[in-house]
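This report concerns only the one structure given below.
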Amino acid sequence: MASFSSSSAPTILRLFLLLLYLVFAPLHTVAGSIAHDVVYPNFTASYLHFVDNSGVFLSSSAFSAGFHNPGGQSSRFYLSVIHAPSSTVVWTANPAAPVPPSANLVLAPAGLTLSLPDGSLAWSTPRLAAPVVALQLLSSGEFRLLDAANASLWSSFDHPTDTLLPSQLLPASASLSSAVSDDDPSPGNYRFVITPGDAILQWTSISQNYWSLSTDVRFTKDSNLEVGYMAVNATGLYLLAGDRQTTVFRMISPPPHSSAPDELRVAKLDPNGRFRILSFDTDFVAPSNDCDLPSVCGSLGLCFPFANDSTCRCPASFGASLAGGCSPADGSILANSSCPDEDNSGSVSYISLGSQIDYFGTKFSTPITAGASMSACSDLCSRNCSCLGFFYNNSSKSCYILAHQIGSLFIADNGSGDTSTAGYIKTLSQPLQPPSSGSRSSARLLVVLLPTTATALLVISICLICHAMRRRNKRQTTAEISDAEAGKENEIAIPGLPTKYTYAELEAATDNFQTRIGSGGFGSVYKGQLHDKSLVAVKKINAVSVQGRREFCTEIAVIGNIRHVNLVRLRGFCAQGQMRLLVYEYMNRFSLDRALFGHSRVLEWRERLQIAVGAARGLAYLHTGCEHKIIHCDVKPENILLHDHNQVKIADFGLAKLMSPEQSGLFTTMRGTRGYLAPEWLTNSAITDKADVYSFGMVLLEIVRGRKNRKEQLWTEPSGSCGPSTPETYFPMVALEMHGRGTYEDLADPRLEGRANGQELERVVKVALCCLHQEPALRPSMTKVAAMLEGTMLVPHPRLESLDFLRSYGRRFGDPNARRGCGTNSASAGGGSSASTLLSYVPSQEVSGPR
């Protein structure tokens, strides 16, 4: 539904109205039951705020959004999107956290929150990339937050529950979760999962598959491409490739039961574990036209039918009202239905609505008079203190009084109304008599408004002065740290850049870079807090290792537009003079190496497996989900970050491109961290995404064992000569040996004390060994790695002949004399050129430290 067009009031009047809105907007709440398709910040609602207990605050076409209590429960409410004709819930925000009817829903620039009466948070949208300017419910059933550019900041389509709607795509590795029952939407026991090669039904309690789409004879396979998405529409169900166009699998549904060609079909996972494609068939609806509804456009809003929808605007001589609906553009005061003691007929006037505008009530009410003139009709309304306006039909001489409340208007034509009907809205002008109670009320209102307005103007003036002083300080700081390149800063206009910060802003956010939480080859990372109180991690890149400003911003635009649940989001950057800083979302559990190798609590097996799956999904997205493939080049536990609620995210992706060409050349064969480097890095071979797969295989083994794959304990005699040492075994070689014996339980972290699932442990070790194949072509893609770890794809047997180099490397690693260059081995080793020989002499220190 379109928003009302603004009136052509003078600039000063508009500024005055805006000022009043800013002062009083925080007081705005929803007190009625009239819903629209969009609401704005400072919107507050709860189930108890709706006078008819419908709980609906947004509606669009066939869908509505509001508070829903399945089964009529009095204490368990959910924020839901509902298919209105069938009263079917298609999405729920808080399925596992029901709230009481007094819970508050608040839309603020920071996002949407659902809070309990005591103020504690029940549900909220995540941190957003930009301030929210609107919450919208589309006719497709999509519930989304918009920024100032009308772009989506967050969408319910990205967080499906148990239902997939038309126009919604379910990506690979995503899933639908069943509800416990029709009256309990909390996650149940079943999942419908999209994998790169199939779609499966899974019993979640034991991760057991019990149906796959590819084995169902009702589906036709059209392509061998990997599955990227699933879609459903009126014609059937489709598994699509990554281009969203090519069909991989399809199942054509029978013709619609009704005569409607656009019958709504959805895919739904039932509480009993059955996956259904069903329709919400509506055979009858009344009224059939949106514009026949009493308040579809608010009070005095003019409704225009448009196909299956409608749009709203204000009549001529009216403008959009801050309170909703429309009001006179000339500032006249609309009459109200309360009756004062004295007669005020002398102060009444009327605004014409123009021709061809009608009111829904005239079709169902009896005229107050018939055969009377229009002036007589006007007099009747003027003498009736409850009358708010009237409609007069010139053909029948009928007079219709609008009393107590006015709803929406509509365009009258031969099909929907009589064009001879004219409408007039009653307004009140200032009376020419001694001050009455009404004028005294106006005076009291003026006494309240003037100080409020003056206070607001004073606050705005102070803010403007502070802003000017801040800009002056910013220019001074910029002058101190900028170089000749700074003069070209404003010339750079690259679309897609994330938020740009000044160096002074980040210096203040990090308290002068006081709290360092990590460091590495690209620079150090500091904890900070932005003006909106959100925590961030600020990476201060070494100045000698960065490109020019334009090249830097170009790469940042690419990285900043990468969004995935398993990738750390880049929130902003600074490219001021020689300074290069990146602002990331803050991960409060830090990196995997701290959790895995530190002295904190032992990571349980289930959590380790979730971390492995999440990291694999993140890398798979970098390799296949982005517009341009991104090779991470430095996959290691330090770059796998953890957050509350088992969030796992890959960090530092795309940073290799930010180095200068000179430094990049120095790292041609050394980019990454030794101990995780693929053999091709050391043989000058072509580097592909399979190098990341190898590194991830090393990480998987460390997740299994709970320690570094290689950990040397050496000591030398005081003279520096070679002496005895206590060598550590090379764990990848041990894993290969245990795989040959089939004794996977011995590989698990002993701190788990046997709490690792045997089948899952075997699966993870096999996947890790497949990732470590010496030939890149034999390694699986990260998409397949993720599917194998999830258990939705069979794990092939590792190719032992392509893993022999691990034994060679392990033997040399376990020989302290060979590693320290003692005896004859030192001389002979220098001439080796094979991959295994090169690997044997890679030292244990890392190219880049933990980040």
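Note: Cβ is positioned from N, Cα and C throughout, glycine not excepted.
Among the features that TrEMBL reports, signal peptide is placed at 1-31.
Across the domain 'Bulb-type lectin' (41-158), DSSP classifies residues as 9 helix, 53 strand, 56 coil. For 41-158, the entry in TrEMBL reads domain 'Bulb-type lectin'.
DSSP assignment over the domain 'Apple' (339-428) gives 17 helix, 34 strand, 39 coil. Feature annotation from TrEMBL assigns domain 'Apple' to 339-428.
Annotated transmembrane segment per TrEMBL: 445-466, in sequence order.
Residues or ranges marked as domain 'Protein kinase' by TrEMBL: 511-800.
Positions annotated as ATP binding site by TrEMBL: LYS540. All protein chains considered, the CB of LYS540 (ATP binding site) has 21 other CB atoms within 10 Å.
According to TrEMBL, the feature region 'Disordered' maps to 816-851.
What TrEMBL lists as compositional bias 'Polar residues' is 837-851.
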Model confidence over the domain 'Protein kinase' (511-800), averaged pLDDT: 82
